[in-house]
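A.B. asks: Copied straight from Swiss-Prot:
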BINDING   Cys111, Cys114, Cys117, Cys160  [4Fe-4S] cluster 1 binding site
BINDING   Cys121, Cys150, Cys153, Cys156  [4Fe-4S] cluster 2 binding site
DOMAIN    102-131  domain '4Fe-4S ferredoxin-type 1'
DOMAIN    141-170  domain '4Fe-4S ferredoxin-type 2'
TRANSIT   1-34  transit peptide
Amino acid sequence: MRCLTMPTLLRALAQAAHTGPPGGRTLHSSAVAATYKYVNMQESKTDMKSVTDRAARTLLWTELFRGLGMTLSYLFREPATINYPFEKGPLSPRFRGEHALRRYPSGEERCIACKLCEAVCPAQAITIEAEPRADGSRRTTRYDIDMTKCIYCGFCQEACPVDAIVEGPNFEFSTETHEELLYNKEKLLNNGDKWEAEIAANIQADYLYR
């Protein structure tokens, strides 16, 4: 019995499905069958050149060396990544990072305890307590932000009428404990003092679009 190759067997099955049993109806019309595309039915060529080429690709690993050549070519191209944390990419002036409370150049706190940021915060992450001063102005006695609740939407910064609470450019403030992410007024003011130059520059750069 002659052993049939897979492509030959597939062609025989397709022919049988097309012609059908003697005296019976065909399974497929010739017009439809003519449009069929059979996958992997092409037999490999057996001439000397084709056989030699296949043997060379198999024995000499040409595909492997072609892949290695592609990999080595990228060693001489400009890298698409940066060496973080020693190199850092640019940040938008609208970047929303770690929170900070700002002061006026005189050193006076900007916050007027209007509590708009506390009211607008969708995560209810801000807690403010305030009392009036002798001159009638209001200032905060407590300004807490639970950074584990914050979703960095920027609503607090948008709602503030005096640019007191802002989200600065710092994004490297990971901690080892939960308690370190519960910011109080002192922590927020220290952040503002530390990043004031960058914060002021970002606000100025975005001034026309606010």
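Glycine is treated like the rest: Cβ placed from N, Cα and C.
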A.B. asks: Of the binding-site residues listed here (Cys114, Cys117, Cys160), which is spatially closest to Cys150 ([4Fe-4S] cluster 2 binding site) when Cα positions are compared?
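C.D. replies: Comparing Cα positions, the candidate nearest Cys150 ([4Fe-4S] cluster 2 binding site) turns out to be Cys117.
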A.B. asks: So among the binding-site residues Cys114, Cys150, Cys156, who's got the most Cβ atoms within 10 Å?
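C.D. replies: Sorting the candidates by Cβ neighbours within 10 Å, the top entry is Cys156.
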A.B. asks: Provide the three-state DSSP residue tally for the domain '4Fe-4S ferredoxin-type 1' (102-131): helix first, then strand, then coil.
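C.D. replies: Counting residues by DSSP class gives 5 helix, 8 strand, 17 coil.
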A.B. asks: Determine, to the nearest whole angstrom, how far the Cα atom of Cys160 ([4Fe-4S] cluster 1 binding site) is from the Cα atom of Cys153 ([4Fe-4S] cluster 2 binding site).
C.D. replies: 14
A.B. asks: When you tally the Cβ atoms that lie within 10 Å of each candidate's Cβ, which of the binding-site residues (Cys111, Cys117, Cys121, Cys153, Cys160) has the highest tally?
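C.D. replies: The most densely surrounded of these binding-site residues is Cys111.
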A.B. asks: How many helix, strand and coil residues does the domain '4Fe-4S ferredoxin-type 2' (141-170) contain under DSSP?
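C.D. replies: Helix, strand, coil within the domain '4Fe-4S ferredoxin-type 2' (141-170): 5 helix, 9 strand, 16 coil.
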A.B. asks: Using C-alpha atoms, which one of the binding-site residues Cys121, Cys153, Cys156 comes nearest to Cys111 ([4Fe-4S] cluster 1 binding site)?
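C.D. replies: It is Cys156, whose Cα lies nearest.
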A.B. asks: Taking the centroid of the Cβ atoms of Cys121, Cys150, Cys153, Cys156 ([4Fe-4S] cluster 2 site), which other same-chain residues have Cβ within 8 Å of it?
C.D. replies: Cys117, Val120, Pro122, Ala123, Ala125, Ile126, Ile151, Tyr152, Gly154, Phe155
A.B. asks: Suppose the [4Fe-4S] cluster 1 site is Cys111, Cys114, Cys117, Cys160. Which further residues of the same chain have a Cβ inside 8 angstroms of that site's Cβ centroid?
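C.D. replies: So the extra residues in range turn out to be Ile112, Ala113, Lys115, Leu116, Glu118, Ile128, Cys156, Ala159, Pro161, Val162, Ala164, Ile165.
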